[in-house]
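S.K.: Pasting a structure below so you can have a look.
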Amino acid sequence: HFPLLFQFDPDNTGYISTEKFRSLLQRHGSELDPHKLEVLLALADSNSEGRICYQDFVNLMSNKRSNSFRQAILQGNRRLCSKALLEETGLSLSQRLIRHVAYETLPREIDRKWYYDSYTCCPPPWFMITITIVAFFLYNGVVLDRFVLQVTHPLYLKNTLLYHPQLRAQAWRYLTYIFMHAGIEHLGLNVVLQLLVGVPLEMVHGAARISFVYVAGVVAGSLAVSVADMTAPVVGSSGGVYALVSAHLANIVMNWSGMKCQFKLLRMAVALICMSFEFGRAVWLRFHPSAYPPCPHPSFMAHLGGVMVGITLGVIILRNYEQRLQDQTLWWIFLSIYLIFVVFAIFWNIFAYNLLDLKLPPPP
């Protein structure tokens, strides 16, 4: 089709008139995917200048979209005329799964159809699956072979993965604490949320974006503890999990009318109940007197750090499906705020502990 477009643009202006573009689609439309043909027709109908950018056509055929192309669709005066993706029948099991993921995560029909057409499961959602398997393996292999290694026993502090205020100079602990959990119920809830929420999000938004939100939530969680709860250790992946879940829930609320997922109100209620239960448990555990003083219980501030990342950076990332983040003003604002907080927390860890008269738990 590309040579034909050049024939319709003899002056090499990079544009083609909508009349010629329509005639080209009518002549060769049977060779195109129906959903892509529908998007092209919507693009032609929505253009008020009477011409189509050749690069927009290339973006569509190569499964890439520019901001100008997406805006041309969203601001057009023509709705997609064919039936919704949810109404299509005769789909295989894998196609129904992809359709289900599209309706669970994307608020616009044009985005859902685009994702349905372009998703190939290559690469698969490897990040969330890998991080979950590693956490489960380490917990079962390192902790559950000795049942005394729970948060009610001081031996859990001897683990080299968790964050401890006396060992805050060991930078890896700000990340690796996610692989240790405060009991099997803590691990189970985080694993379930990571798989049920994280895997569909990664299928849609890709490993790079989802891993960024997850890791940013993890780092913000441990740094929040080091600033706001300076005498407590940290275990569990709640910082990353809460970043993903809160970003997803906030995205649903912001696009409530466009989200067509079934039982969305019930799903939100269940997610909020689970998160509230885990957070309440963490708060109770933190302030409950330790059976082995001066061994402290883990902090709950990592949950709040993850939520803050989710409703700022996470919302921006999930809201702009397949769009360049560097073109988003809010992205740079929230990223700058996050980086400022990280720098502040680093200096806080270097100087504040020495300036404040704190009674830290003994090193493990």
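The backbone N, Cα and C atoms fix where each Cβ goes, and this holds for glycine too.
TrEMBL labels come from automatic prediction, so no person has curated them.
Owing to the predicted nature of the structure, the values given are computational and were not obtained by experimental measurement.
Grabbed the feature section from TrEMBL, which reads as follows:
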type	residues	note
DOMAIN	7-31	domain 'EF-hand'
TRANSMEM	126-149	transmembrane segment
TRANSMEM	210-228	transmembrane segment
ACT_SITE	Ser238	active site, nucleophile
TRANSMEM	265-287	transmembrane segment
TRANSMEM	299-318	transmembrane segment
ACT_SITE	His303	active site
TRANSMEM	330-351	transmembrane segment
S.K.: For His303 (active site), write down the residues of its own chain that are at least 6 apart in sequence and whose Cβ falls under 8 Å from its Cβ; none is a fine answer.
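M.R.: The answer is Gly221, Ser238, Gly239, Tyr242, Met275, Glu278, Phe279, Ala282.
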S.K.: Determine which residues of the chain contact the transmembrane segment (210-228) at the Cβ level, with the cut-off under 8 Å and only residues 6 or more beyond its ends counted.
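M.R.: That would be 127-128, 131, 163, 165, 168, 173-175, 177-178, 198, 201-202, 234, 237-244, 247, 299, 301-306, 308-310, 313-314, 317, 338, 341-342, 344-346, 348-349, 352.
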S.K.: Six or more residues beyond either end and a Cβ under 8 Å away: which residues meet both conditions relative to the transmembrane segment (265-287)?
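M.R.: The answer is 151, 182, 186, 189-190, 193, 197, 229, 232, 238, 242, 245-246, 249, 252-253, 297-300, 303.
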S.K.: Using Cβ atoms and a strict cutoff of less than 8 Å, what residues sit near the transmembrane segment (299-318) while being 6 or more residues removed from its termini?
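M.R.: Sequence-distant neighbours of the transmembrane segment (299-318): 105, 201, 205, 209, 212-213, 216-218, 220-225, 228-229, 232-234, 236, 238-248, 250-251, 254, 275, 278-279, 282-283, 285-286, 325, 328, 330-331, 334-335, 337-338.
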S.K.: For the domain 'EF-hand' (7-31), what is the mean per-residue pLDDT, to the nearest integer?
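M.R.: Over the domain 'EF-hand' (7-31), the predicted model scores a mean pLDDT of 68.
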S.K.: Near Ser238 (active site, nucleophile), how many other Cβ atoms are within 10 Å of its Cβ?
M.R.: 32
